[in-house]
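According to TrEMBL:
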TRANSMEM  C:20-40  transmembrane segment
DOMAIN    C:20-439  domain 'DUF112'
TRANSMEM  C:60-82  transmembrane segment
TRANSMEM  C:109-135  transmembrane segment
TRANSMEM  C:147-165  transmembrane segment
TRANSMEM  C:170-188  transmembrane segment
TRANSMEM  C:200-220  transmembrane segment
TRANSMEM  C:319-343  transmembrane segment
TRANSMEM  C:355-375  transmembrane segment
TRANSMEM  C:387-408  transmembrane segment
TRANSMEM  C:414-443  transmembrane segment
TRANSMEM  C:464-484  transmembrane segment
Amino acid sequence: MTVRRFHAEIGTALVTGAVGATAAIGATSLGYGWEESGPQPGYFPFYVGLILIAASIWNLVSAVAAHRQASADASAGGEAEEPFLGREHLDRIGRFMGAMVVFVIATLFLGIYVGSTGYIAYSAWRQGKYRPISALAMGAGFAVSLYVIFEVIFRIPLLKGPIEPLLGIY
Amino acid sequence: MTYLKTALLAATAIAAAAPAMAEWAPSRPIEFVVASGAGGGTDNFARTIQATLNREGIIDNSVVVLNKGGGSGAEAFLYAMQNEGNAHKLIFGTNNAYLLPHVAQMAYSMENLDPVAALALDEFLIWVKADAPYQTATEFVEAAKAEPGSVTFGGSQSKDTDETLVSLIEQTTGADFKYVPFNGGGEVGVQLAGGHIDAHVNNPNEALGQWQSGAIRPLCVFSPERMAESEPIHDGKGWQDIPTCQESGIDIASYRMPRTVWMPAGVDEEAKAFYTDALRQVAESDAWQEYLDKTSQTGVFLSGDELTQFITDNETSTVEVFAAEGWTSQ
Amino acid sequence: MGNFDLLMQGFGVAITPMHLLLMVAGVLMGLVVGVLPGLGAPNGVSLLIPLTFSLDPTSAIILLSSMYWGALFGGSTTSILFNIPGEPSSVATTFDGYPMARSGESTRALTLAFMSAGIGALTGVIVITLLAGWASNFALRFGAPEYFAVYFLAFAAFIGMGSAAPMKTLVALTTGLLLSTVGMDTITGSVRLTFGYSELLSGISFLVVVIGLFGIGELLSTVQEGLRFRGVASRIDLRDVLKTIAELPRYWATSARSALIGIWMGITPGGPTAASFMSYGIARSASRKGKAFGTGRPEGIIAPETADHSAGSCAMLPMLALGVPSSATAAVMMGGLMIWGLTPGPMLFATQPDFVWGLIASMYVSNLIGVVLVLATVPMFAALLRIPFAVIGPMIVAICFVGAYTVSNSTFDLWLVLLFGLVGYLFSKLDYPIAPLVLAMVLGHKAENAFHQSMVLSDGSLGIFFANPLVSTIMAVGIALLVVPKVLAFGSRFRRRIPVE
């Protein structure tokens, strides 16, 4: 599978347009007119939302135009449209994102220390081809330095899970 | 008989209180959740207590301060709701805790908060530019009456303490002001010094610098009696020389903002008693007196029924103003 | 008191053991984030802001600004040694820096870069010193309409002068504006666009968004390009350093011109990145003879580096004096100022002289520290890039998420970082500019407030924005910045088309 720039442009324009629409619709419930004390709370988000929709439509149209032009060039023997993301790229990004999402979910349940230890150890082990022991040491070392910097030096509590209290760390 | 009864009651009270305190003590670091950003009045309040607790050895556990000032402080109270029954979190606020749910739809209600103590009352004053034509509060109100809507009052935020006070002045005197909301007392102060607004109701601490430099001057203070004596601040005048608003013709006996400490609902009574006692020791310390003097606030210590009564009174009278202005959300 | 006395007073504030330590720490941390792709100055500073809550504002700004200088230095290091710009503003340095390093003159390339950076920064600070006193006289003349005019000017400049497609800039800008309206609006006292989520009640923090956009976004780009850093050996030879310093005066014209470009772009909201490109371009067209640019010309390093750093330091002036940041990093720092309870703007010079002059004085000192430290530690930091990506990449990711969490201790922010990481990646791939989004998030709400206040003051008449010479002038400049570049571009396109047809 290859994602072409055209697809990405269209997708982005649709999403930004949707954001504008959401904001404009959300603003209508606040009132977007004027009252005695100036603009109502929804005035600003409503009109900014409209501008965002308009700009998104413009980008959508110019993406389609550029695509037409490129297709025409391609059939005329000219340069074809550049691929946006090849299979290989998608693969790499997907794997990286996947690990990151798992890290976030693990952090929510187990806390930042356990989450980052696992995440770093896993990456070093699977992608970095380190021995499991040294990979785990890297992860744990990282978590310990986080603890020292944040909780000991700056006294900022980080997210903890069910495991830390068992070790006497709150 | 009466004497004996009192003594007995006192004895039982002590007997009940003493083991309660011994029964509960914090077992991990305590979190101070501040319903304002770093550097605000509430933040100073919490950090002063934090420093006093540790320096005077009242609590040995380490205390961490967390600022959750989003949504005019609602963030901190929502956090309390999410941490129901957690005895290691104290929430620091003002009267915003019980007033916010009246003006905006909030996911939390007073059911989710348990009041522990109020330790200070912050005063409100009417300030005008030094070269303003009005010398007294009456002259100022008369000027606003003469040309309705022409005198601009700056204040911090909308539907909050400042605008409530301005509305209260309008309701009591019949004057009509133009209220312009800004983001905080500091911003309002600059606008007055620059002559872009005509007056504001900043707290003493927020206005001190500009009074000292002679850019602005106070007209009156919204407290039942004059403020505590101080060194002369500008032109030979100190805080005690400012007339109360009532003596200068605005019939508002008292309008002050309590600095309050809360706990999440569902915490054991013993834990609450522990913190009440710790805060009482703070309120009696020299460091606390120094903080009150520096910020020109009035010291109080309210807890238990006294505090509940204070909150109910303050809430009722303020909500009356809200209702008259049409701000209430329900 | 004259500027000089104030500056001396500032040195008194800045030169304490504690502050010197903070400068060294800041510069070192800046070098790390500058060297590591994915951690740049804007999100490095964002990550550090929560740690400064326990410091007083002067110490905090010294730490943050030192980190900024460090990041600027660090960014050039990787540009030269690895052909990887650690910072967007050091992209132009790769053009001649990497070829020179490849040909075996890495010490010379690095020394040229650091010395010109130092010279650029120094001229920038001198300009700030001279202009700062003048800024504070303006202090009290700024009311709500004037503030709105200034924000309008900043937005206009970004749309008008930016190099990206105007409609894409507009999308970025309006998205940022909308994000800034989410949550409790203190001015109207109403809750907006939260759609019932109480996590959104306190709004979306720009720090979290910056960490996602710049941190995770850049990292995704690195991953896509294949996770490999290839570099040139980086031993520094002291004799080469001295020899290079001796040849510097020969390029005085390039240095002077680049510094001027940097100062101009730093004070107007062009920013360091635009400054370095512009300076490189002008140096290339001004050169008469010798080796072609792009093959390791000394001027090709001096020009972008000098401009980059003078713009970086000059960007502090509009941030402090007007509350208008002219670069993404300055925008983040300004957000920090507001978090510490300081109001950026002309009053800052009058009410917080210790803070302002302490910062200015520290800029002299910390840039000196920066030049020395960067020369001493380059081999060490360059070695960071030899750590396999499989280890350093996840660590950067973890640091970004930890940093976002510390902003307001909310797990909801972790999801926001993920989301904005994707947005940042897509935006940079599709040439949507990110800086306007950040600018709009920081300034959007303030602009809206100023507009609202003006309308209350004027009873709803737009005439208030042209009511006095000061506000009219600012508005006129803003409109000109918005319109003139477009007209010029249209004109030149028109002229070019005629001969073709």
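Glycine residues also receive a Cβ, built from the backbone N, Cα and C atoms like all the rest.
Unlike curated entries, TrEMBL annotations are predicted automatically.
Remark: the transmembrane segment (C:355-375) makes no contact with the transmembrane segment (C:464-484), by the rule of 3 or more CB pairs under 8 A. When Cβ distances are compared across the two stretches, the transmembrane segment (C:20-40) makes contact with the transmembrane segment (C:200-220), since 3 or more pairs at least 6 residues apart fall below 8 angstroms. Tertiary proximity for the transmembrane segment (C:414-443) is limited to same-chain residues at least six positions away from its ends with a CB under 8 Å from its CB atoms, namely 42, 151, 154-155, 158-159, 162, 164-165, 168-169, 171-177, 179-180, 204, 206, 208-221, 269, 271, 324-325, 327-328, 331-332, 334-335, 400-401, 404-405. Recorded stretches compared: C:170-188, C:200-220, C:319-343, C:464-484; the one with the most Cβ pairs under 8 Å to the transmembrane segment (C:109-135) is C:319-343. Same-chain residues lying 6+ beyond the ends of the transmembrane segment (C:464-484) with a Cβ under 8 Å from its Cβ atoms: 141, 145-146, 148-150, 152-153, 155-157, 159-161, 454-455, 457-458. Taking Cβ pairs closer than 8 Å, the transmembrane segment (C:170-188) reaches residues 155, 158-159, 194, 200-204, 206, 209, 427, 432-434, 436-445, 448-449, 452-453 in its own chain, all 6 or more past its ends.
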